[in-house]
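A.B. asks: Would you mind keeping the following structure in view while I ask a few things?
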């Protein structure tokens, strides 16, 4: 066996264990009996310990030194393995254990604090986690920018400075667009009524298939939070239902189908290698957002969906045009996950700036609530009424996810670029979407993005697919055109 | 860390991996998308490889040499680990791999041959498997009896000779009882009608809870074959439904609940140690059979069930006494899994003798069909009409399970002993069962058998619970009394 083969053999078993851990995670959210939580925690702890031991196995260093790749896939494999090995080696075991321990406690504290609307109850453990994350960032960065070192875990190659420049260009135009929409004379109506949840699931299943999700290699279940899980031949999604809000179920499903199709469409030869998964959070989110928004919420597709809704739930009391406005309606809210295409990114930009300041040491975690509210008022024009609708709304920081939030907006930026390229490549796409058929677009994404898995670097995937380096321009143009028209009245 | 602690640490991770493999097995039979089969096979292959490497880790030998146990549980742990390590070490890797490969092929061949009713198509691969199993048995036995070495995997401490003596005592009395029942003038009626499968599931859920299954630490799903899976706080069962045969669903559920309660009731301190699972197949089967038969099919309980059936499905057209006869009805059949309390053991005895002769070399696998039919005619008085209703009906031999069948009847023998002890200990048990409440009996089993997990040896568990060495007498007395009364007419 060559050193490369030995390395890939070792990696294959690691990837299999990772897939298995993912499957147990799915089980935990969908099927696991309530009383099994503690035992499952122990099982996952052992599995994570094994995974950590495998990822830091000193033989990897030896193999990497001697391994030669014979093709671009081999080079990409070595790049991924080297990056993961070097990152893992830089974090002392003591620190990794402390992070695992504190974040597992913090998640519970966060849930309690949010329930009680009490930021002060969460501040001490948040302070401890930020301390540990700063320590981790310093260890990972090797003298470079600490925030970049965290960001790199979710979006290899991205830096806080380049994202910051991109986000600074987004912010004023998004705020202006938001103000213009909310200030318009004619506002789209909110959806009213009660919608049978079984029929929501039926329709969301139909949408999943229309968007290319292969149910022979996946399944849809209900869970508290929608998510996608698994790779290759077994990629499962969850959705949720709310009788008052069928869009939640339908668009959560389309969103997760975007993630799932990315995984299902990766070249099967990459299974159980580092190339066998989506290459970054940003690129992953570009797929889910494009499926959900640029395709799922465009006028041609909602025209078709309007008929489907009527079939399932009876007359909606509005025509296709009004329905299109309703699907894309902006409202004055507080919650990121409930916001629309325009305001969503403002929510993310706020979090990006605050977490960057916490990691740099410029913002003390105990001052987070004040900083959040001040910034929220700047961007949205009003104050959150409570911490649970402000800085306590997201779980991310409590579980140690710093550097994760910006990939949401980066995904939207990538989706903007890809959407422009798709519209160029498929001029009659709307004719298909108006029949409920997004496959010309999803096939294009499959062939230009998804099939490559981890072969190219994140920005490179987008640049290769679109023919130019990604930037925020296409997203802004798209949003201004779309929402300018909806709120023209 | 002492050698004992190091050994138990290693073992703990092995047990966790084993639990995880079991959970994936459950997923495969209940939730997994069809197209994921191949990928799952690869995942399980990697996991089995890791498990094998952990079980044969040479450090185990060193630790075992130096380890001291400080209490009976420690001694039992060492005994289990030593046994498993020595067994694994005796089988050459080449042979283990050949067995894994051939049995995975053979399972498909068996299914095809059964479908085509063609024993000749199965004979060559069966011959190969018996060859490999004989090789394995010779390696395991170290000069002792080869069949005993295989049996020991499922029923530690049992031998072919002691089972044979027990079964020889059973056979004539079972045949006589069967003939008496089937020759009686008044025969119980078969159940007639169609029974809503959702209501079957509803009632079976109620039965599961009545028999002590904790749904906070378990769940019930439909699968092709009923089974129980998992240990500790996560023990799941499956059942199946047939509109024409509600007893299949109800009694499969009670049977699996017997297995599941054994696992759920083991001392939680034993979790992730070798004591954290049922001690043998025979003792496991004693629980499931006792729940299903001695409790679930007794006259007091079926009297209550008669009312439950009427509530769910309407008037059955028979009174309680007739219903009791119907539940326990014997018929002239061919299939082990469809047979009754009396004839079931005759099916097992036949397989035990034939597999013992194949392992000893006395019966060539190519002659199995003739030998099966001859023995079947001896014991049942008529010939199977086809191989699929004869020697091709069970999957066991195709997957290499030799030495497994006799544990079914051994379980019945143990159940006979335990039932006699329970009836002595709880004289008013029937009053409870007549109210649909088996808990005095299931609590007795929990406290006298289940809680101990793997602490005692199999026969020892039964002897401690009942106060005497187990033998076939109580089972025979019970069967003759029960069926003598039902078929008195």
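Heads up, residue numbers simply count up from 1 along the chain you see.
Cβ from N, Cα, C; glycine included.
A quick note: this is a predicted structure, and the numbers were derived from the prediction, not measured.
From TrEMBL, here are the annotated features:
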- B:255, B:259, B:285: Zn(2+) binding site (BINDING)
- B:256: active site, proton donor/acceptor (ACT_SITE)
A.B. asks: Other than B:255, B:259, B:285, which residues of the same chain sit close to Zn(2+)? List them in sequence order, counting a residue when its Cβ is within 8 Å of the Cβ centroid of the site.
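C.D. replies: What remains near the Cβ centre is B:228, B:256, B:258, B:284, B:287, B:288, B:289, B:291, B:292, B:411.
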A.B. asks: Helix, strand or coil: which one is residue B:259 (Zn(2+) binding site) in, per DSSP?
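C.D. replies: In three-state terms, residue B:259 (Zn(2+) binding site) counts as helix.
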A.B. asks: Count the other Cβ atoms sitting within 10 Å of the Cβ of residue B:255 (Zn(2+) binding site), across every protein chain shown.
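C.D. replies: Other Cβ atoms found within 10 Å: 24.
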A.B. asks: Can you name the residues of this chain that are 6 or more positions from residue B:259 (Zn(2+) binding site) yet have a C-beta less than 8 Å from its C-beta?
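C.D. replies: Same-chain residues close to residue B:259 (Zn(2+) binding site) (Cβ under 8 Å, separated by 6 or more) are B:228, B:237, B:278, B:284, B:287, B:288.
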A.B. asks: Provide the number of Cβ atoms within 10 Å of the Cβ of residue B:285 (Zn(2+) binding site), excluding the reference atom itself.
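C.D. replies: Other Cβ atoms found within 10 Å: 26.
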A.B. asks: Give the distance between the Cα atoms of residue B:285 (Zn(2+) binding site) and the residue listed as 'active site, proton donor/acceptor', rounded to the nearest whole Å.
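C.D. replies: About 10 Å separates the two Cα atoms.
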